[in-house]
Every structure is written in C-alpha cells, then in structure tokens.
C-alpha cells in the first residue's frame, strides 16, 4: 500500500470517530432522522380567506433537504476533499448559481436539454449552472487569466430523471479542482490523477481503479476502423455503455440502431475491449492501423509520458488504460479519466451501484470559446462525485448503528431548583464569552432529570449544576455525563476548570 | 467593555493576522485582483459556423464571481459566525436552492415581486429561495419537527435593483440562526440578541447598536393613534424610513401620499421618534393611550422581560428600544430587531453606508401556514448580513495595503539544474503523502530564479532544493524564503525536518 494510504487510514479512523458520539452514553430519547421524501398533504386551506387547498408540502422533484446528521457527514468529507486541494496549492473561487443562458450553450452536447432555465421576468435570459467547469472557463476568459490552479465547491443543477436510490439528484454538490495554463505536457495531468488517488484512498471507500483514455486516441481509433466522422458522436455514446452492458449488446446497438457496417463494429470491438497498464500503451504504438493515425499517436505519446509520472507518484498500479472510456461532455480534448470503486463497501447492508466517484480530463478549447480572439488557455481538471461518496458513508454509518452528534455543545448549565433562571443565564453568558460551547433549557423551572436526559440524548459531556447550596458556598458542581461523577469547584475558577477538563478529554 | 469584547478582540487580531502574508517578504510580481465587473466584448464568433457575434462575456446583472482573495476573507468571517452558532448549540441544515413556487407565496408581502421564478420546462413550478427562513419553516412543517435550534449558511436570490456600491447584490449569502419550539417567553429571544452581539463584537467592525421593537407594540400604536387597519401596512413602511429620512418627510408621505389625517400622523410622530432603554419600556407602560391596547401591553411586557435577560447577559447597553423599527417582512409576529453600525470603520478610506448588518425577530405563525391543521411552531431567529460585513473587511484590508495569501502552500520543490523533473516529482509526492502542502512548477527545466520568485510572490515560507550535488550526497537543501538561509538535511529526514520547521514557525 502506498504511504498516502497509511496516512489517510488514520485520517479516516479519526473522521469516523469524530462522527460518533462518545461511547458509554445511554441514549434516552431516540434521535429523529427526518425523512427527506416525506410528504404531508395539506387538506386545510393556507389561510381561511384563500381558495388554496390540498397542496402537497414537499421539496421540488429530485431535490431534498439535508438533515443535521447528513450535514455533519458532508462537512467532514468536504473538509478532507478541500484539504487535499489545498495541499496541492489551489485557490478557492466562487461563481454565481446562474449564468447568462448563452454562456452555457454549445458546451454540453446532448446534455444541454437538462439545463434549468430561469423564467424571463424582464432583463437577461439566465440558466442555472450545469457544472463548475464552464463557469471557470468563463471566469478565465472574462478576466484574461492565463494561469490558475483553483478549486470550487458548490451546487449544480441538472433536470435529470432522478434515480434517488443511486444517489442521483437534480441538485447536487460538486468539488472541482482544475489547473489552467500552458505547461510542459502531462505534469498537471498527472497531478490531477494523484489528487484523485489521495482523496479516494483517504476516504477509505474500498479499492478503486482509475480508467484513463484520450479523446484523440478514441477519435483516431474510430477513424482507422472506418467510422464516418458524422457518426463519431453516436458510436462514442455506444462505446461509453461498455461498463454497463456487454460487447455483444453494444455491437448490436452500433449495427442495428446506428447503421454501422458489421465489420467496422468488429474492428472497434478489437480495440475497446482492451484495457491494461503502460504495456498496452506500448502495444497500441505498434498497432498497424492505429499507428497510422497522427491524432492517436499524439494521444498515445502523452499517455506514455503520463504513466512515467504516475510511476514516480507511486500510483501507476491504480491506473488502467481503457480504450472504451469515452466521457460524455463535449469539451474534452485530450486525456480523460474516471475513477470507479471496484466493490461495494464491505460493511454496507445493501449493494450500492455508485458508478464513477470521480472524473475529469483535459479541455484545451473551452476558454477559447469565450475569448473574443479565440485565445486558448489549456486546462485539465477533475470533479469529485461527493454525492455518491456521501451516500456510501451515510450507508456505512447507518449499518454501524452508531449515532452521530449533530451539535458540538461541551457544557450544559443545569439547576435542581426552582427560580434559578437568572443564575443560569449569568453563568452561561460567562461560558459563551469564554468561547465555551454551552446550552441550557429555555424553561423557567425545568426538572433536573429532564436536563440530565437532554445531555445524555445530545452527547454533551459536561454539566455545571448550580443550586441554592452552591450559590451560598460560592461553588459550582461540575458533572461528567458519562461517569456521573461530580466535583465542586470555586465559582471564580469555573471557566478555567472547564477548559482544563475539556483539554484533558 | 463586556468580556466577550476582550475575547473576540484577540480573535479578530488573529483573523487579521491570518489573512496577511508573513512580513519580511518582498513581492516580486504584482498580485492580480481580478475585476469583478470587467466585461469583454466578444467581437468574433464563437465557432466559425455559428451566427453569434458581439455578445458580452459577463456574469448576470447583480451577481459576481468571488476571487480567491475574496474567498479567503469570506471563509474566515464565516468560520467566526458559524463558530458562534455552534457555541450556542445549533445544528446545521441545508435546503434546496429552489422551492415549489407556492411555498413562497403569501410570505413576503410587497417583496414577492422580487422572487426569481424558474422557467416552466414541464413539471413543477419552481422559484429560487428568497431567504432561509421560509424554507426552514417549510422543513419544520414537512417533517413535523416541533423543536429545533438550527443554523444555515447559503445563497439566496432577490431581483432587486442592484446598488453594488452598498454591497447589495441579486445573489448573496445569508447566515441564519433560529430557535423553533414552545418555550418560556423571551429566553430564546434574548439568546438571539446575545448571538448578534457576540458576532458583531467579535468581528470588531466598530461600535454598533441593536434596535428592538415588537410588532404588537407597532400595531397597538397605530390602532390607538387612529390609523384604520387597512392602512397599517402602508403607514408601517413609511415609519420604516425614519432611519433614512427625517420625521417631517415621513409625516408628509403619510399625510400627502397615504391620506392619513394630520392629527393622526402627529400622534404617531410622538411615539416613533422615541428610543431608549428599559426606562422607555416602563414609560410606555404608563402611556395613557398605549396602555389601553391589549396587544401593545403584551409586547411591552415581553420587552420588559427581554431587557431583564439582556442585563444578565451583559448586553443591555447595546440594545435600544426604538418605536420606529418596523422590518419589512410579513411573517414577524413579536419582537423584531436590527443591528446597525454606529460609524464607519475608522480605517476605511471612503465612508460606507452599510445599513443594518444583522436583523431578525419572532415569527410564530409561519410554520402553521405550512401545516395541514395549522399547528403552530413558535420561532425566533436572526440573519447576519455577511455580505455587508465582507465589504467592510475587504475595504479595510484594501486600505491597509496588505496582501492576502490565497493558498496555504508550505513548501516549494525546486531545482537549480536541468533534467531533474523526475527527482522533483518523487520528492513532492513524498511531501503530499505526508500531508505537507507543496507545489512545484509544471516545467521540465524551470530557472531557479523563476522558482524562487514564485515562492516570494505566493508567500510560500519554505523551499526544498535538489540538485546533482545533493543527490550524490543523499541530502536536500531546505531554504527559508524570508531569511534566505539554507540548511542541508539528510534525504531520509526530509519530512520530519520540514514538519519540525513548520511547527516551530
């Protein structure tokens, strides 16, 4: 196992531990996991004088609320992803949720129909962003930036038929890292693959593989096999299905539905069923047909160099040259890649079809599409499929049956007596001002048992208790929720004692 | 100064220091601050075969990209705001960027026209969220949650005429904290005000004041002055302008434009020009007219209790009872508040009209509007006007003339010799795997001076240098960019030595 695996194994264990409540706590009340798809039919009217009735209260199709439990998982995972991007020297960028509609046209090929448009309410025609790549290219062109290593984390929107069981939504989060600029070949490309490996290893999602191909090899392959250029697109999208359906089915689609000559399909089949390491690259260099194609040779040359760098990065064994990898988006021009998990996580109850968990490639022409003089800024980048990763980790936590703490409260301020609200408020104010995370119940006279149950339920480790006796003696009781031990401490030492106790635990 | 001021003074100084690059660094190249409003006219066509020409490359009206410099400032400020929310025991929630259109209707009064609708592309009618409060109420009703302390950070969208100079945009970030549930009166309300004070003191934006009023007092006041109920809304919106225009102008608007009897306007004037502390609350209790109104008395009773708690929290002197505070949104039912900065920050070059920087109130009826049986969940909350705060801090940093580091890179891997790319790649891979933030230039043979200049430009503190001599001797040179001192360390101790050096600095 390469060293980053070891490093991040610790990180993952620590992530997992952070997500779990302290052990030894008895859970008094059950934690409410709010259903994200529950719908309540409003049978009564909104207001008496209104005519509305029977409307359904829900989130829009393909979207969902994210509960505090989900948010905790997400934040930890995003922290790890962003941490990796920062380790590689990236700056953070943000762009608006919507763009001028014309900025998004001609960028996504067949997927353009999935773009959400805004209603024309007077003014500009707008669309919600479909990914973070096109806005990045627009930003570079608009600000005439020639060189930039940036990351962006944000939501994107696609009007897809949601298959929620696979973790596909119409609103989802993307985490992108891209390197823009004219550099010596394959160095940034190799770094992108290194980043994907670091993140996937770090998150310990199970074994994975990164498929690599090059758009130029794919185009060259189709050309030398005798596919007419007008059919490149259609045939590519058939090839792209090879990870889901068999070659026979793909071949049938090419011949019967897309009108390809059977012998052309068979020639393609000889190539696209190949996958392997750098030796396959060498083999293709020797291939009598492919070596006649200039584009394909360029792609093969770059892949050879890429594997050289991947070996230096210690990740060559994670990368697989796969001639069937096509990637849907129109804007790719060179190396393309896609990471897939090789098996469902061992701990998962149900099997998860998560598909690719990270992907990307080189797009050297996109920025030029925005530039008045067509000046190009070569780019290469990757996108982490965090939604699918969230789904895996959530499933894993669910299977483990462990509870997640959704708050970080360190101290609860309680009293066993009536009419002690004023003392509690003064006390908690002192804690807040000292930076201590503290809560109390919003009741004038709560029962002590209710207060202690709340702490156990919420996983709050410490309770300070103030009553008449303590007030008289100028002390406070500090109680450990887990051990139920109590110590009396001087009122004036309260903050210092709590900070000491917290730093020790 | 209350103790939280002292606490957060340190926090602010630390924030400010974190934002600045290490001193002693010479900046070789200039930092590019990308203009957010720059527009480049595309005079050529997108693709040769297309008819498009002369389109302008820009972000939609009222929106902007956020540069890495801006993102660094934002993240630090958001960390402080969220840190405060967590200190008060809040859980994080997220909701979709858009809601069913009908969820947003009847919630925003006159502002409803500012809602962005999505185009009807078949399926549900959708609108971009206008704030984070209505989605929160929808979430509570949909999931039948009766009690929750949550925060949410996210973008909202309003089709306002953007006055960018004041930091008003059509897309902006909101940070909301809300407490939902049936509790004893004014305890959560007081905590909301405490949170606003902690955040505003912590960010050291200058002196501030929080105006407080109650919707019931305002309604009672209008009733006893003789305003017909049909005119409540119109008169309220006039009163709300008192912080911008004089009473005479407000009075003129009421009488001339809104048809109020002059003597009624004068009676209102007697009240709405009053502001003060808890003594004003007492005074209003004695007021012959106002004390006849049940609603007003309820509001005054709550305010009195609120001030009692604010005194215990040590923030009463920051709060001002202001009978002219109206707040625009329809959904408020009780206490309302708004924080304003009392002066422009001393360091700012230009004066900033930032308006209110935080606001909120009690809305006991909103959740019930979503519930089929109209079951109410009382809520109180606040929203931090982070966009305005970002603008102030950005201005302050600009005035200070200091550069902000936009990356966190700790080590740069350099070489003075040609043909050392392989060694550099092996070396940097080792650093990344050890969790060290590292960069190199994507060139086969970069010049040493170019590499060192890059470090100075980017504020990278350390450089490891590898060359033929070092390779032969099994050492690496570790160079401090600031002091230009170099030490030779054993190749195998590299990671440990770097970690030691970084932890000492």
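Positions of Cβ are set from backbone N, Cα and C atoms, glycine also.
Matching A:158, A:159, A:168 to the L-histidine binding residues that TrEMBL gives (A:131, A:132, A:133, A:174, A:178, A:327, A:331, A:332) identifies A:158. Ranking the binding-site residues A:133, A:174 by other CB atoms within 10 A of the CB puts A:174 at the bottom.
Reduced to three states, the DSSP call for residue A:133 (L-histidine binding site) is helix. As a whole number, the greatest separation of Cα atoms within the L-histidine-binding residue list A:131, A:132, A:133, A:158, A:174, A:178, A:327, A:331, A:332 is 21 Å. Cβ environment of residue A:327 (L-histidine binding site): A:215, A:240, A:336, A:338, A:359, A:361 lie under 8 Å away, each six or more residues apart in the same chain. When pLDDT is averaged over the domain 'Aminoacyl-transfer RNA synthetases class-II family profile' (A:62-416), the result is 92. Taking the Cβ of residue A:332 (L-histidine binding site) as centre and 10 Å as the limit, one finds 23 other Cβ atoms among all the protein chains shown.
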